[in-house]
Amino acid sequence: MASLVQNIPECASFLPLNSANVTAQPAGHLIRANVELWQGVVLAVCFGAFALLVSLIHRVVRTYIYYDAHLLDTYFDAGGDTNFALIVSLIVAKTTWTTSYTWASSDVFRYGIVGGFWYAAGMVVHLFLFAIVACEIRIKAPGAKTFLQVIYKRHGTAAHVICMIMALMVSLVISGVAMVEGTRIISVLTEGLSTELTSVILAIAVGLFTVVGGLGGAIYVSFFATAIIMIVALVFFADAFFDPLSRKEQLYGSWEKFWEVAQCGHVDLQNEGGSIVTFLSRDGMLQGIIVILSGFTSVFVNQSYWQVAVAAKPGTAVWGFLAGGIIWFILPVACSFFFGLAYWKIVLDNDSAAPLSENDLSFGYMPAYVTQKLWDKAGDFMMFMLTLAASVMAACSEVLAISSIIMYDIYQTYVSPFKASEITENKDVAVRTRRAVQNEEYLEYDRRCVILKHFVVILVTCLLIPITIVLMKLDVDMPWLFQFLSVVAGSFVLPVSLAISWHRITTSGILVGGIGGCIAGIVSWLAYAATMDGSLDKFLVNSGQREVMLTAAAVSLSAGGLLCILVSLSCGGCDNSLLEEEEWEKTRMIDNPILPWAVKYAPDIHELNRNKGTPHFYTVRRSYKWAEIAAYIIGVFLAVSFILVWPACMLLADIFSKSVFYNWFLVIFVWLCVSTGFVVIIPLLAEIVQVCQQAYYNRAWKRAEKHQRLDEDSSHSVRPGPMQTLDAHSLKTESDFTLGRDTMKSEKERWKTFIALE
């Protein structure tokens, strides 16, 4: 390995470092455990207790404002009408794993600042593209709570089971990665805290609020978690670059000092001039491609992201994913820029080549090491809270995802599906009577599911503990595991996406594409690894090589999509009798008779199309056409811009000059400030406004009902209710979109139905 210092006059103050001087020590010897055991436990318990309180607030809101807290669907879709700003907070919180600042920072030391950029760009591109399928599932299957329900309705049991196995595997692996990374950092910062106890504490923190609040509670908690994450990141960044407190022990304090480090750092890779401030990096680009390929699996085959889409209407989901991606992108870029360059300065100043070993970098210890060097105990506590918030929210999302699959795709599909009594099929009984009986039966069925749901969530939360302990005892390399996931499950990315967005995909296409692509990926993975030095005798080393993982992931993803399309078009997909409307009618039948999706969509359906039964497929699509157009155009535009246009433009800068470096720093800082301001202020204000509006509608409704009762007493007649602007959530009944009547029910009929259902 060549010197870590550039051979230029400006770097003469730094001693030349050579790999022969490397005396890397385990991180445990370098990072002091400044957080005492009782302090760490108190911080974790307080975080969990506060999250529990926030979840209880959400439950109170859904109980007394929206009247739907008792429904299973509300637990897993948060009411299905979450505001745009909270969706952004949820996306930022659930996408911010500890790897967002640990792996990204390590990549800056390995490849230069391009490493942090490629990690962020490689992950954010999936959020932009996911906006497309998020809009599609909300238009074509408005009542679905999992993407697997759509697979089952369209393609039957075989495709459903295969996709479900992959979805469960993805969620379990991601939850394991999130827990392991968080456990390692928290345990190394806390004195006397074992990894086993840390995993138990994290699981308890997750379970405290998840069991009570469900997805809605997680959304509320995500607001505070995102605020903590962004504020801590901004504090780190601002203090290092501006030193507002004028601390005597400050190692930096200005961007010029970072520039001194940036221009002197040297990497022994195929970077232009060995510089760490250039985008001309072959290894950095290859790492970015691996992140892109791996990220497709962790998003598109991950139920937790589909759950975010289900929590909002089509338009809100689209803009939420687009804005959420833009805001999240700056977090790993800013953290890696700061932590990476700060670590470079520590390396150059201390003539130690690299205080942390390659294993320490893979374990994510660099940010903890840097913050302790710069801020001592204060840095440890901030890193503790940052890691706690990121780990808990990532694990919570996967717990809810796995639980929803168990409830909807296992229990309600195979174990105990809802079966209406014979009276609901008796044509001699009045339609209203049949529907009333069905509603009552479904309510009883839903109550049983709600009770079972608590046990399922608790069981899945407890499952996090053995998963974490086993992965740590086996000393599994988390980057290897994450990339291996894309080799096995990457073949299902395109089949799943196409099954939800294209009516010509067939069951044969799903099965052949998913399974065939998986086999092709594994075969190419093993074959390439066998050609490396040592063949498969050095399995973990050779199979984890960058080129091996990249090839296997690319083969799995492309083969899965190609086989799916070719087989589908060859096996009935081109049949002219296959009508789009009829195909999606299967998925539109996924519904809750107590609170149909048509009620939630009612305010967005054009007035002329109301009161005519369940809105037609093309009516719904036309109502959200601009959201669909925006998803395709803006989503693709942003994805292409972040992974092609922006890097291509940065190539023109060659090796950064001082002015280019300053502009890069300035863009990051301004972007981080704006993003932090948004996630701290806007979601809370938007939710307060939405809840107040709903409360106002409820009061207006009750006043109208009271006046109607007075009119009945005086005239013994029933007149239509005057309220035409009622929000759909406040109706808490089956709407005329389901009953197919020509006029809306009177306020008295609504109220009677509401009382009966309650």
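Note that Cβ sites are derived from N, Cα and C of the backbone, with glycine treated the same way.
Quick look at what TrEMBL lists:
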- 37-57: transmembrane segment (TRANSMEM)
- 78-97: transmembrane segment (TRANSMEM)
- 117-137: transmembrane segment (TRANSMEM)
- 158-180: transmembrane segment (TRANSMEM)
- 219-242: transmembrane segment (TRANSMEM)
- 285-306: transmembrane segment (TRANSMEM)
- 381-408: transmembrane segment (TRANSMEM)
- 480-502: transmembrane segment (TRANSMEM)
- 509-528: transmembrane segment (TRANSMEM)
- 548-569: transmembrane segment (TRANSMEM)
- 629-653: transmembrane segment (TRANSMEM)
- 665-686: transmembrane segment (TRANSMEM)
Notebook entry, point to check: Who are the chain neighbours of the transmembrane segment (629-653) in space, where the CB to CB distance is under 8 Å and they lie at least 6 residues beyond its ends?
Noted result: 117, 121-122, 124-125, 128-129, 131-132, 134-135, 278-280, 285, 288, 292, 318-319, 321-322, 325-326, 329, 660
Item checked: Contact call for the transmembrane segment (381-408) against the transmembrane segment (509-528), three or more Cβ pairs under 8 Å -> no
Note to self: Any contact between the transmembrane segment (219-242) and the transmembrane segment (117-137)? By contact I mean 3+ C-beta pairs closer than 8 Å, pairs at least 6 apart along the chain.
What the structure shows: no
Notebook entry, point to check: Cβ pairs under 8 Å with the transmembrane segment (509-528): which stretch of 78-97, 117-137, 158-180, 285-306 has the most?
Noted result: 158-180
Notebook entry, point to check: What stretch, picked from 78-97, 158-180, 285-306, 665-686, has the most CB pairs under 8 A with the transmembrane segment (117-137)?
Noted result: 285-306
Check: Is it true that the transmembrane segment (78-97) and the transmembrane segment (548-569) have 3 or more Cβ pairs under 8 Å, skipping pairs fewer than 6 apart in sequence?
Finding: no
Item checked: Highest-contact recorded stretch vs the transmembrane segment (285-306), from 158-180, 548-569, 665-686, CB pairs under 8 Å -> 158-180
Notebook entry, point to check: In the same chain, who gets a Cβ under 8 Å from the transmembrane segment (665-686) while lying at least 6 residues past its ends?
Noted result: 83-86, 88-89, 92, 223, 226-227, 230-231, 233-234, 237-238, 241, 255, 258, 326-327, 330-331, 333-334, 337
